[in-house]
Every structure is written in structure tokens, then in C-alpha cells.
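Each remark here refers to the structure printed beneath this line.
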Amino acid sequence: MQHIAESTGGRFLSHGPIVEIDHISIDSRVNEYGAYDLFIAFRGQNHNGHDFIPELIKKGVKNFIVEEDVEAVENINIIKVTTSVKALQTLATVKRKRFISPVIGITGSNGKTIIKEWLYDILSTRFSVLKSPKSYNSQIGVPLSVWPIGPEFNMGIFEAGISQPGEMEKLASIISPTIGIFTNIGTAHEEFFDSQNQKVSEKLKLFKDSEALVFCMDHELIARQINESFIGEKIGWSFNGKGVYNVELKEGHHLAIRKGTEQYTFSVNLKDKASLENIVHCIITSLVLGVKTQDIQEGIDRIQPIKMRLELKKGINRSYLIDDTYNNDVAGLHKALDFMDQQKHVSNKTIILSDFIQNKHSKTFYTELNQLLLQKNVNRLIGIGPQLSQHKQVFDLPATFYTNTESFLQSDEIHQFQNELVLIKGARQFALEKVSKLLAEKGHKTVLEVNLDAITHNLNFYRSLLKPDTKIMVVVKALAYGSGSEEVSKMLEFHKVDYLAVAYADEGVALRKNGVTLPIMVMNASDDDPFNLMRFNLEPEIFSLEQLKSFTEAYALADRELQAHLILNTGMNRLGFNPEDLDQLIDYITSNKSIKVKSVFTHLAASEELEHSDFTKDQVDKFRSGAQKIEDALAYKPIRHILNSGGIVRHNSFQEDMVRLGIGLHGIEVSHLKDGDLQNTAYLKTVISQIRYVKSGETIGYGRSGVAKKDMKIATIAIGYADGYLRVFGNGNAFVVIQGQKAKTVGNICMDMSMVDVTGLNANVGDEVVVFGENPSVSQLADWAGTIPYEILTNVSNRVKRVFYTE
Ligand SMILES: *Cc1c(COP(=O)(O)O)cnc(C)c1O
């Protein structure tokens with residue numbers, strides 16, 4: 001403590017034990033204090049740190065720096081200084097001076113914190129790095145960040161931010177960077193600076209003693225001042241060929257960086273300009289520090305865990321495709337193979353794989369690759385590229401090899417795909433999209449994209465509302481609310497839901513034909529269906545005595561047990577047994593041993609609506625007494641269930657043994673109590689077929705109802721009422737989104753096409769058009785049409801191709 005008093009020019013108000021200080025704190029709320037901590041008290045605007053001293057002493061703090069007169073305390077070190085901030089800064093500066101390893105200082109208007117975090121991710125495998133926590137870059141944040149520096153570190157990364165002239169000198173002496181990064185200059189904090197120039201020159205003061213400075217030459221103001229006044233090594237880089245390092249963004253997310261004759265390539269998954277600029281700062285600083293390109297690449301991969309979109313779509317000859325023709329890295333391959341392995345409904349699996357271009361691999365690599373493919377149940381490999389071809393001997397599965405994509409496209413093998421799942425995974429250079437185009441089912445460009453991750457999220461959300469042993473039946477009627485019942489059901493099976501429900505027997509048959517093995521309840525099975533029900537192991541909902549009798553007789557003929565789900569009508573008045581029917585029902589069941597009651601349930605008429613809560617409770621009471629009556633007559637206990645999606649949220653206490661989840665899985669929270677907790681799952685998208693300019697006074701479409709009141713730019717889009725885009729959406733009653741911009745409909749919706757107003761918008765032939773998704777949402781469309789989201793979803797016609805993806 002003695003040297004602390006000396007270096008800060010303070011004087012002891014009272015003395016305590018002699019200790020080395022470990023930790024400095026300024027926040028009295030953090031209570032991890034000990035005898036080796038130093039608390040620095042500030043006089044703040046709303047808060048005075050000095051008031052907390054007695055409390056902190058009780059917690060065990062023995063060392064204080066204060067700027068106000070406080071009472072001396074026996075056995076406690078209290079040093080009084082003129083200003084606490086200055087004392088803190090001085091202490092950090094002293095610590096920094098003893099540190100000899102490289103220190104990186106970062107300033108500029110934007111990107112400081114991101115660059116610091118990314119650099120940390122890249123450098124921390126090679127160096128033991130101390131970095132500023134969060135965005136600690138102020139007059140107090142900086143010294144607190146620097147203070148812990150010591151021999152256990154061999155690199156420091158700190159950011160500095162200023163809001164007015166005069167502040168940077170202090171931060172410069174605390175951080176004293178050996179290498180600097182000047183990110184860019186923006187317009188924030190304008191009021192305290194006379195000009196942009198002054199702002200740059202103030203910020204540059206951070207680097208007055210630095211050996212090297214990394215900056216982007218394309219920011220002219222920064223480049224000019226650095227050239228004029230910075231004396232160390234100027235490491236300017238540029239996207240325009242002007243720098244010491246010149247950077248080019250190549251196709252397929254590759255950055256080519258050139259310095260004289262040296263050339264480096266990195267694969268980055270960033271698109272926006274600001275992120276690219278930030279990552280280049282990190283890469284060049286790492287190169288300057290002598291980090292190997294491979295280590296830098298690994299660091300970059302850690303920064304942005306590959307967000308890879310995997311799509312499952314229908315291919316030619318009853319095949320399926322999963323297609324990722326943009327990049328090929330090992331982590332991505334693992335993910336794609338897992339996704340392929342999950343698709344249990346197709347037993348034959350082929351992978352079309354290109355060479356990995358990032359680095360050359362040894363034989364061991366290919367041996368491991370062979371193992372991986374076998375382990376993930378791949379049946380056939382088509383390898384494309386010289387490196388895979390060269391290692392063909394290591395592969396144990398049926399495999400063919402081509403040195404390039406063209407020779408594969410010209411081979412006979414390309415015409416031989418059928419009844420299989422084909423994973424296409426290749427680096428951009430190999431242009432495997434040519435292969436996927438050939439193998440994809442041709443069709444109309446309007447697609448319903450279904451986000452399987454969002455469905456999983458929503459399922460987990462509803463699960464989180466249930467007691468651990470409440471079962472889930474997922475209702476996948478009407479193509480799983482339009483999304484695609486087979487694929488969604490396969491996924492639900494993977495996520496281990498307990499039951500599925502469909503409306504009609506054919507829907508259940510289709511699921512069984514696709515290999516779904518979960519128990520399936522059929523809600524509206526008729527007298528014609530027993531044969532199909534038995535053959536495909538489907539379980540009927542039973543709603544009347546006549547129906548039960550006819551089923552029982554059919555099942556008896558086949559000597560089969562009837563697995564029945566009894567529905568009680570408690571107020572919905574759709575299907576089901578009324579309370580007065582129960583005695584007869586029970587008599588019949590107890591005298592027919594071939595009937596097994598799997599479940600007893602009811603359906604709520606208005607579960608999502610608060611105003612009908614009393615009615616709902618009445619339904620529940622009626623159900624419970626009916627169910628009890630049935631159970632009392634049976635020697636076993638059937639599953640009880642009541643709640644649909646709205647009910648799970650609004651009437652959570654009526655979970656019984658199972659719930660029936662429907663629309664909620666698709667991101668629509670009908671009770672509106674938990675709107676923000678679900679994710680959107682379905683995106684209806686189409687394309688612009690043609691753009692035309694119409695003159696004021698012309699009309700657009702059938703019936704001439706769309707009238708151009710001014711000169712207009714009109715886009716014709718490839719969706720109409722036959723696809724499920726309702727006619728009421730015409731004449732400006734709805735908008736679509738093109739490149740993030742809203743475009744209202746004009747004129748009547750046609751059967752297969754619609755016209756939208758793109759006057760003044762950037763919209764071109766072939767552009768993607770979002771019909772629904774996040775914006776506008778299905779609920780929004782339902783509002784426009786005066787209907788409910790269920791109808792919008794289930795209206796998307798069969799002609800619209802479903803594409804399933806996971807990220
Ligand atoms: C459709 C249906 C459900 C699912 O309802 P959601 O409101 O979509 O959750 C549940 N039970 C029965 C009987 C149904 O017909």
C-alpha cells in the first residue's frame with residue numbers, strides 16, 4: 001500500500017496490514033471482497049462510493065482510496081487522493097509500464113468491441129491474452145481493464161473510446177499500445193469536436209508511441225492524417241488496391257489478401273461491409289504478429305460458427321436432395337451427414353462430395369473421412385476433384401470418382417439416381433449447383449420454405465409448459481397445417497413426441513408408407529376405413545355408438561383388437577358422445593373384450609379466448625366426470641386429454657395425461673399470451689416473372705380494377721389464388737416484400753399470377769418475393785382476409801413445392 005500512496009501522491013488517513021493488491025473495484029454492489037482488494041471510492045452524480053465504506057469493511061475489505069474526507073478506521077488502509085479517477089489511472093499506468101509483451105490498442109468510431117473480441121478469439125490459442133471486458137473503453141473502464149496485466153499474460157488487447165478532446169492522452173499512457181488499430185471514423189459525439197479532422201487527430205494520440213498501426217486506407221481522412229503524423233510502421237490496407245495489404249472479396253466468401261508477392265486466402269462467412277472491414281483488421285493484425293494463416297483461419301471459424309443452411313427437397317425419380325454447394329469444410333460435412341442420417345424414411349443414401357479446398361490433406365484425413373461416411377450410413381460416394389480421386393483406394397463403400405464436375409455431368413451415372421437421398425456437398429469452385437439443378441424436381445418457382453429448427457424450437461417451447469410426464473400428441477392433419485406432413489412427422493418422431501393425429505385415414509396411410517412408426521390417431525374415420533386402419537396400424541377416434549359397433553364388428557372379423565379413442569362432446573357440438581350417451585357406450589365396451597380404450601378426450605370450443613374461460617372450465621368439468629365414469633367401468637386407465645395449442649397456454653392446469661398440439665408448432669400463438677416465444681416456421685416465396693412500366697391512366701389485370709393513377713412500375717409475380725394466395729388480397733389489400741421493400745398488390749389476383757406495385761423500388765425479374773414469413777406474417781394475411789391463420793396456412797396448395805431446411 002505504501003507504493004500505492006506514493007505513486008498516486010495520496011496520504012494515509014489510517015493504516016492497515018501491508019498487502020499486495022490483487023483486485024481493484026469501484027462497484028460497491030459486487031461482494032467478492034477480501035483483504036487483497038482495493039476499493040476506490042468515487043463521488044458520482046447519483047451515487048457516492050464513500051457512503052459504502054463501513055459496509056465494505058464489514059465484508060472484509062481492508063484497503064481504500066478516497067477523494068473525500070472520511071473517518072480514519074483502525075487497522076484499515078485508507079489513502080486520500082485529490083481525484084480518484086486520476087489515482088486509478090496512475091495505478092494502471094504503473095502496472096502497464098512493467099509489462100513488456102505486445103499490447104494492441106484499438107480505437108475508432110465503430111467496431112472496437114467486435115474487433116477486440118474477434119482478435120481475442122484468433123490470438124488466444126497462441127497467446128495468453130488479457131482483454132478489456134465488454135466495452136470497457138472509458139476513462140475508468142480502460143484503467144480497470146489494464147490493471148490485471150502481469151507476467152501471466154503475453155498479450156494485451158484494449159479498446160479506447162473518447163467523447164471529447166483531451167481524453168485520449170490519458171488513455172494513451174495507460175494502454176501504451178505497441179500495435180494500434182484505427183477502425184474507422186463516424187459522426188458520433190460530433191458536438192465536442194470542431195471537425196472530423198480534429199476527431200481523427202485526437203484519436204490518433206492513442207498511437208503516439210506505437211511501433212505499428214493497422215488501418216484501412218479507404219477511409220481517406222484517416223489515411224491522410226496517419227501519413228502526415230504517424231511515425232511508426234504504417235500498415236494501411238485497402239479494398240481498392242491502394243494499400244500495403246490489398247484485399248479482394250472472391251466468390252464463395254473468400255478473402256484474398258496480397259502483400260507484394262505474398263498472397264493469403266481466408267474463408268469468411270460475413271457479407272456486410274462493416275463485418276468484412278472488422279475481420280480484415282483482425283486478419284492483418286494477426287499476420288503482423290506472425291500468426292500462421294492456418295491458425296488465423298481456425299480462429300475465424302471459431303468466431304462464426306458456421307451457420308449453414310441445409311435444405312431437403314424433392315428430386316427426380318422419387319429421390320430427395322440435400323444440397324450445399326457453397327462450401328465444403330469438415331465441420332459443415334459433419335452437420336450435413338447428421339441431417340442426412342436423420343432422414344430415416346429413405347434407406348438409400350448417396351453423397352456427392354467435392355475436394356476440400358482449404359488445405360491439402362494427408363492420407364489419414366481420407367481414411368477418417370471413409371470412416372465417417374460409413375458411420376453415418378452413407379451407401380455410395382461420388383467423389384469429385386483430383387485429391388479425392390487420388391485417394392480412391394482408402395474408401396470402403398461403393399464409390400466412383402471424377403476429376404472435375406464436367407466429367408461427372410457427362411457421365412452415365414448422372415442419369416441413374418432414383419429412390420435415394422442425395423447429399424451434394426461441394427466447395428463453390430466445383431459448381432456442384434449444376435448437378436443439383438439436374439437432380440432437383442422441376443417445378444414452379446413458388447415454394448413454401450419450412451424451417452425445421454423453428455418447428456423444433458416451438459415444440460420445445462410447448463414442452464417447457466408441460467409437466468415432465470405429460471404426453472404430447474401432435475396434430476398433423478391437413479399436411480401438418482400445410483407444411484408437409486411426412487417430413488414434419490419424421491422430425492417429430494426424431495424428437496420423440498408420443499402420438500400423432502390426422503383427420504382422415506388416408507393421411508395416416510401416407511405417413512405409414514413413409515415409414516412413420518409413432519402411434520397415430522385418426523380423428524374422422526368412417527365405416528369404409530377399418531381395413532386401412534388395421535393394415536396400417538392406425539387408431540380411430542370413436543364418436544358414436546353406431547361407428548363403434550361397425551368398427552368392432554369389422555375388427556372382430558379380422559380377429560383384431562380395436563384401439564379406440566373416445567371423444568366426449570362437452571360443448572363443441574362437433575363430434576362425440578353426449579353425457580346421456582355414456583351408459584350405453586359403457587355397456588357396449590364392457591361387453592366387447594376386443595375393444596381397448598386407448599384414450600378418452602374432449603375438444604375445447606374456445607380454449608384461446610379469455611372471455612370464454614368459464615365455458616372452458618365447464619367443458620373440463622363435464623369431461624372429467626364423463627371420463628371418470630368410463631374409467632370406473634374399465635379395469636385399466638386410458639390416457640385423458642383435453643388441451644389444444646391455445647389451451648396449453650391459457651389453461652395450462654388442465655393438462656391431464658396428454659395434450660394435442662397443432663397450430664402452435666407452426667409459430668402461431670392463438671391465445672396471444674406468449675406471442676414472442678414462438679418462431680416463425682413457414683415462408684411462402686415466389687419470384688418476379690416480368691417487370692413493366694405502365695402509363696398513367698392504363699389499367700392492370702382482369703376487370704380493369706387496377707388503375708394507374710400515375711406512371712407505374714409493375715411486377716408480375718408467380719403466385720395466384722390457385723396457389724392459395726386469396727383473391728381478397730388483390731387491389732392493394734395486401735403487400736409482398738421484395739428485397740426488403742413492401743409492394744402492394746394492384747388489380748385482381750389471377751389464378752396463377754398477381755401484379756404488385758414496385759414503383760420507385762429496386763426490383764428486377766427473378767427477384768425473390770416474400771408472400772408471407774416474418775413480414776407480412778401469416779396472422780397479418782389472416783387479418784387482411786378476415787379469416788384465421790389456420791386457413792391461410794392450409795390454403796397453400798399442393799402445387800407449391802415444400803422445401804425443408806435446417807440451419
Ligand atoms: C385440430 C385439432 C387440434 C389441434 O388444434 P390447434 O388449435 O391447432 O392446436 C386438437 N384436437 C382436435 C380434436 C383437433 O381437431
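Backbone N, Cα and C atoms are what each Cβ position is placed from, and that goes for glycine too.
Just so you know, TrEMBL annotations never went through curation; they're auto-generated.
Taken straight from TrEMBL:
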type	residues	note
MOD_RES	K477	N6-(pyridoxal phosphate)lysine
ACT_SITE	K477	active site, proton acceptor
BINDING	R574, M751	substrate binding site
DOMAIN	681-805	domain 'Alanine racemase C-terminal'
ACT_SITE	Y702	active site, proton acceptor
From the Cα of R574 (substrate binding site) across to the Cα of the residue listed as 'N6-(pyridoxal phosphate)lysine', what is the distance in angstrom?
17
DSSP on the domain 'Alanine racemase C-terminal' (681-805): how many residues come out helix, how many strand, how many coil?
24 helix, 47 strand, 54 coil
How would DSSP class R574 (substrate binding site) in three states?
coil
Between Y702 (active site, proton acceptor) and M751 (substrate binding site), how many Å separate their Cα atoms?
11
Can you give me the same-chain residues 6 or more apart in sequence from M751 (substrate binding site) with a CB-CB distance under 8 Å?
G720, Y721, A722
Compute the average pLDDT of the predicted model within the domain 'Alanine racemase C-terminal' (681-805).
96
With H, G and I counted as helix, E and B as strand and the rest as coil, say where DSSP puts K477 (N6-(pyridoxal phosphate)lysine).
helix
Within 10 angstroms of the C-beta of Y702 (active site, proton acceptor), what count of other C-beta atoms is obtained when all protein chains are considered?
13
